[in-house]
């Protein structure tokens, strides 16, 4: 088919002395996108349709080094570290292999982080992968943007975190009861609603709460680590598990152990799935790249905050797992399921009020912090997609009324999150459900689909960075800052991502509610759905008499973004 016609618009004047179409209103500066140096063929009626502005965030609203670090920590540390260790030991049947996987997960995360640091410091704008994909994959036009838009809008949501928070609150309210599924859903919807309202109408309060919950997570993980040292010193209510007597762990006389729980333990499929679970626990390290427009001195701050955050998380994750093994046998840990943290404290402190009531609240607050971080960063990316006209009803989703927060995109984030909470089938017949089962099925499935589809995007970006660095015609060396990711680390990350994408297709004997191939098949199908959306948006519409108008709009900070408008051919000058 014929490529849609592109109308290139000249970039506005980059002179810092010029106003560049800025409008001062209520003490804040806005940007219309049409400065004195900007030539456009739009009529006044067309311009009136732009009911959003590019808000210039004042310095006191921008994130500093520690706020940016807590934004990452809050996104990475959710309920996963308190839940996934049980599944990992089930899959490996080895204490040594489990600990090595947590270290390897941290190394792989750092490799990916360096790739994103090179992109983020060279292109310091909100949008994350969207901005980087548009820089690398310029042909076919719009394809990379459409694929990313479908994946991010549908799966970059807070369903898993909201359900996790709700489930742990149900455990804390009555540990011995099985709550109604609709009650659990109702609490989850109330949680995401409150978080979105805070981010939309009191942005500063949202940042403060996010920082506070991030600090609380560090305290909670530190409590686990310190309790583990107490267990190593012999302060246990049970017999010492002896997990550090060998690489495999456990007493030599311990028979059956984890292999009685899961047939694939220690096999190739078990190791592959265990590494995937580790990587899922580390997911979210790219959170700051989504909001760089709101970061103070973004390149410098990102280079400091992101490594600090991931280093702290990696150390605490490894120490937390050592703590678990200091108090629990492999079999006890495997059978504890997603409440491994509760079983851990019970082995050290006994079945007291703290373990039964307080600890679920703490883990629930950790999950809520994850929801705060997601609901702050993800709508910023969706707003960027809306500003460029990629989404249907873009002007509505791009709105920042009334408090210069991405209110329209936050509402879109809330809408899809709530729809999946209501549509989640958790428990027999959807009538009543165990909170533990609710976390293990819904939380794992929704999170895994998002992470799996995101890994495809990360693979494209890693390959794209190799291309940019070794293709002089792209002039990437002139665009990037002094930070550069080592090509060897990038290649290692590419190989790791290929393994992560292929491993879920390996058959296994897990007695799971969802077949093993569903997540990778659904995640990979997002590429096809995104391509189909591109065919309709960029190919069929031009055949029906519409043109896609491509404009380069200068942002108030001097950077540029692309804006697409679909208009009938007969309206073109």
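Heads up, residue numbers simply count up from 1 along the chain you see.
Placement of Cβ uses the backbone N, Cα and C atoms for every residue, glycine included.
Below 8 angstroms of C-beta separation, residues 88, 92, 128, 131-132, 135, 274-275, 278-279, 281-282, 285-286, 288-289, 292, 298-299, 302-303, 306-307, 310, 313-314, 317-318, 321-322, 325, 458, 461-462, 465, 480-481, 483-486, 489-490, 492-493, 496 of the same chain, each at least six residues beyond the ends of the transmembrane segment (99-121), sit close to that stretch. Under the heading transmembrane segment, TrEMBL lists 99-121 (among others).
Summarising the annotation, TrEMBL assigns transmembrane segment to 142-166 (among others).
Away from its own ends, the transmembrane segment (186-206) comes close to residues 61, 158-159, 162-163, 165-166, 169-170, 368, 371-372, 375-376, 379, 402-407, 410-411, 413-414, 417-418, 421-422 of its chain (Cβ-Cβ under 8 Å, at least six residues beyond either end). The transmembrane segment feature in TrEMBL is assigned to 186-206 (among others).
According to TrEMBL, the feature transmembrane segment maps to 218-238 (among others).
Proximity of distant same-chain residues to the transmembrane segment (305-326), defined by a Cβ-Cβ separation under 8 Å and at least 6 residues beyond the stretch ends, is recorded for 65-66, 68-70, 72-73, 76-77, 81, 85, 95, 98-99, 102-103, 105-106, 109-110, 113, 116-117, 218, 221-222, 224-225, 227-229, 231-232, 241, 243-244, 249, 281-282, 285, 288, 333, 340, 344. The annotation transmembrane segment is assigned in TrEMBL to 305-326 (among others).
Beyond its flanks by at least six residues, the transmembrane segment (361-381) meets 71-72, 74-75, 77-79, 82, 126-130, 152, 156-158, 161-162, 164-169, 172, 191-192, 195-196, 199, 206-207, 209-210, 213-214, 216-217, 220, 284, 287-288, 290-291, 293-294, 341, 406, 409-410, 412-414 of its own chain at Cβ-Cβ distances under 8 Å. Annotation comment: TrEMBL describes 361-381 (among others) as transmembrane segment.
Within its own chain, the transmembrane segment (401-422) has Cβ neighbours under 8 Å at 28, 52, 55, 57, 153-154, 156-159, 162-163, 185, 188-189, 192-193, 196, 199-203, 375, 378-380, 382-383, 386, 446, counting only residues six or more beyond its boundaries. Look at TrEMBL and you will find 401-422 (among others) tagged as transmembrane segment.
Per TrEMBL, transmembrane segment is recorded for 442-468 (among others). Note on the transmembrane segment (442-468): residues 79, 83, 112, 115-116, 118-119, 129, 132-133, 135-137, 144, 147-148, 151, 155-157, 159-160, 163-164, 276, 279-280, 283, 338, 420, 424, 426, 474, 476, 485, 487, 490-491, 493-494, 497-498, 500-501, 504, 514, 519-520, 522-524, 526-527 of its chain, located 6 or more positions outside it, place their CB under 8 angstroms from a CB of the stretch.
Only residues 6 or more beyond the boundaries of the transmembrane segment (488-506), in the same chain, are considered here, and those with a CB under 8 A from a CB of the stretch are 108, 110-112, 114-115, 268-269, 272-273, 275-276, 279, 452, 455-456, 458-459, 462-463, 465-466, 516-517, 519-520. Here TrEMBL flags 488-506 (among others) as transmembrane segment.
The transmembrane segment annotation in TrEMBL covers 518-537 (among others).
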